[in-house]
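Engineer: According to TrEMBL, the protein carries these features:
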- 703-761: domain 'CBS' (DOMAIN)
- 88-109: transmembrane segment (TRANSMEM)
- 137-158: transmembrane segment (TRANSMEM)
- 188-205: transmembrane segment (TRANSMEM)
- 249-271: transmembrane segment (TRANSMEM)
- 283-306: transmembrane segment (TRANSMEM)
- 338-360: transmembrane segment (TRANSMEM)
- 375-395: transmembrane segment (TRANSMEM)
- 449-468: transmembrane segment (TRANSMEM)
- 474-496: transmembrane segment (TRANSMEM)
- 508-532: transmembrane segment (TRANSMEM)
- 538-559: transmembrane segment (TRANSMEM)
Amino acid sequence: QLTPSSFLRIGQLSNVDLNEDVHELETELPRQRPNEIPHNEKLLSLKYEASALWDASLDYDNSENQLFLEEERRINHTAFRTVEIKRWVICAMIGILTGLVACFIDIVVENLAGLKYRVVKGNIDKFTEKGGLSFSLLLWATLNASVVMVGSVIVAFIEPVAAGSGIPQIKCYLNGVKIPHVVRLKTLVIKVCGVILSVVGGLAVGKEGPMIHSGAVIAAGISQGRSTSLKRDFKIFEYFRRDTEKRDFVSAGAAAGVSAAFGAPVGGVLFSLEEGASFWNQFLTWRIFFASMISTFTLNSVLSVYHGNAWDLSSPGLINFGRFDNEKMGYTIQEIPIFIFMGVVGGILGALFNALNYWLTMFRIRYIHRPCLQVVEAMLVAAVTATVGFVMIYCSRDCQPIQGSTVAYPLQLFCADGEYNSMATAFFNTPEKSVVNLFHDAPGSYNPMTLGMFTLMYFFLACWTYGLTVSAGVFIPSLLIGAAWGRLFGISLSYLTKGSIWADPGKYALMGAAAQLGGIVRMTLSLTVIMMEATGNVTYGFPIMLVLMTAKIVGDYFVEGLYDMHIQLQSVPFLHWEAPVTSHSLTAREVMSAPVTCLRRIERVGTVVDILSDTSSNHNGFPVVESNPGTTQVAGLRGLILRSQLIVLLKHKVFVERANLSLVQRRLKLKDFRDAYPRFPPIQSIHVSQDERECMIDLSEFMNPSPYTVPQEASLPRVFKLFRALGLRHLVVVNNRNEVVGMVTRKDLARYRLGKEGLEELSLAQT
């Protein structure tokens, strides 16, 4: 077992950058970067729980102090009605903006990719006649690598949190872990530019996953009524400046992102429920559905105007799988076992994909942690992708007649006049278009050899690409791999059954796509609905559900889903729905952190400053106790106060001199705390003079007088349920005399998990 001191720093992983410029006040220390960073997945990072410089756990429980209760009592029925209307307005704005961002991405990608493919196609056509096709290869690889270089540089050097699809980060955020910079405006800008560049650069990626992250950032920004990045406060929506409200809007933003990406508003709501939101209520469902619908409608309206048919609302999402006809594409009862078999194949291939990606990510954490190396790797992948595509098209002799085909950029190469190279439709296109072609091209459009080679190559390319330092999703590549082997499966079936009518390759391409995606990301409920909504066909609901369930069961037997795996590799203290099954033997006394730093109800300012400045015990919550003057014995628990509240009190100098305790302290309003949220200043920036250190501070009206507590004999599952269901950040452990004996925080519970040999306890690393 490695000691925490040997963990220098867990490097920048595909998803969350752990090296963080927390505050402008902190000076950047010269850091020696080791060539290899030891990393062990049996670790839990303390970074996310508490650091003196940022709050790493979100507080979903309102602090019911006197200020909060006074404000709530003042609000009458009409004011509550206004707040409710504001919530709906914010959801509508989230939907509209998410839809517009999706339109922007779509239109820019279409134009830039179109330009690139036209240039390369013209070049290939020219050199096919004269000879010297190596120039075309060079041109294609250079174009790809240079576009991806720009996309990777902005992510690696400006905002590393924008790497990957962003779904694992949003999952963590909704679970209650605060990942630095995850919902900042800068992240959104880098995310959008990065995803455009990585798709145009021809990487094996999709633009759908990042839409979910983008929606979440938009939601977090709008709901606060101000931008901390731009230093602008619009003085609206101030009531929503707290973690509880912000989280609800972020789950609406994630749903709006899904529905803009796939044209699947119901799928968006279910995605938010299944993958994201840890806390749910009925009103929230309705508001989230509203945001999703608005987002799809906005995207639809703008794209229909852009495509020149203003009133035709026929492009609801960024990817549209096209209509599947019932006449040609119905299924019979004897096909059900075939679909289940495809689910098994998808589960095995998905598990293989995840296992390969796991080892690759471990390698990246250890060796590719410098930003410049990350950019070089991204450029290498882009060049290799173009080269593989070119070589496969060059070697393929699969020619199809152009007449009646819907190919955007038909490459003739060595085919006869009036024919095009069928391998080129798969590689020489954006992945979204390739998926639709595999679903809908007429039987006989692809040679089985072409599909087999394409599946094999694209599988490894997509696996290598996920986790690069670029903004990119894994949805579309998974669908594309699945659609290719599914179509191959359908062609083999029609050979075996002598071309009977039910063995339509397009239908099997759809099932293969579902099986592959389900095997990689392990979503069931939401993915079934997303696939149904994207194909516009309810009849396939049952087979798609069967395929996804089978893929999930088979995949889970080998290795966990891609997103959960990346969360675990990050050492993030993520809390699952339930405590580990075999944990009843543990009690609160064994899992809690002790000793606890307590404050007295009336405390010396110097003591508070010293406790907050102590870097060794960077706690975020402090129990407030009543202690009898003159005795050392600690009396019962009176309340709980947060670091952020203490900092605001010190900043506003809310204290009185010791001699005049009868004087009234300066009154603060709840607005003072909301204005400081979410970036509270660090204690180092607050100056307290020597005289002020001797003053006294009365915490009575600022502390939460009724914090949640558990007796020290409570079992771990009981503590876990209370902590997880209420979204707590601190749970005070008391003895039978109501004296504080310990504190349970997120890391204490996330430490225990079920391993191969039963209950495991993870070590804690300071990185």
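Just so you know, glycine gets a Cβ as well, placed from its N, Cα and C.
What you see is a predicted model, and the numbers here were worked out from it, not measured in a lab.
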Engineer: Restricting to the same chain and to residues at least six past its boundaries, which positions have a Cβ under 8 Å from a Cβ of the transmembrane segment (538-559)?
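Structural biologist: Non-local partners: 324, 326, 330-331, 335-336, 339-340, 342-344, 346-348, 350-351, 354-355, 358, 510-511, 514-516, 518-520, 522-524, 527-528, 531-532, 565.
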Engineer: Relative to the transmembrane segment (88-109), which of 188-205, 249-271, 338-360, 375-395, 474-496 accounts for the most Cβ pairs at distances under 8 Å?
Structural biologist: 249-271
Engineer: Which of 249-271, 283-306, 375-395, 474-496 has the most Cβ pairs closer than 8 Å to the transmembrane segment (137-158)?
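Structural biologist: Highest pair count goes to 375-395.
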Engineer: Take the transmembrane segment (375-395) and find every residue of the same chain, 6 or more past its ends, with a Cβ under 8 Å from one of its Cβ atoms.
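Structural biologist: Non-local partners: 133, 136-137, 140-145, 147-149, 151-153, 156, 201-204, 364, 368, 411, 413, 421, 423-424, 427-428, 453-454, 457, 461, 464-465, 468-470.
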Engineer: As a test: from 249-271, 338-360, 508-532, pick the stretch that has the greatest number of Cβ pairs under 8 Å with the transmembrane segment (474-496).
Structural biologist: 508-532
Engineer: Can we call the transmembrane segment (508-532) and the transmembrane segment (249-271) in contact, meaning three or more C-beta pairs below 8 angstroms at a sequence separation of 6+?
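Structural biologist: Output yes: the transmembrane segment (508-532) sits against the transmembrane segment (249-271).
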Engineer: Report the DSSP secondary-structure composition of the domain 'CBS' (703-761) as helix, strand and coil residue counts.
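Structural biologist: Across the domain 'CBS' (703-761), the residues distribute as 16 helix, 22 strand, 21 coil.
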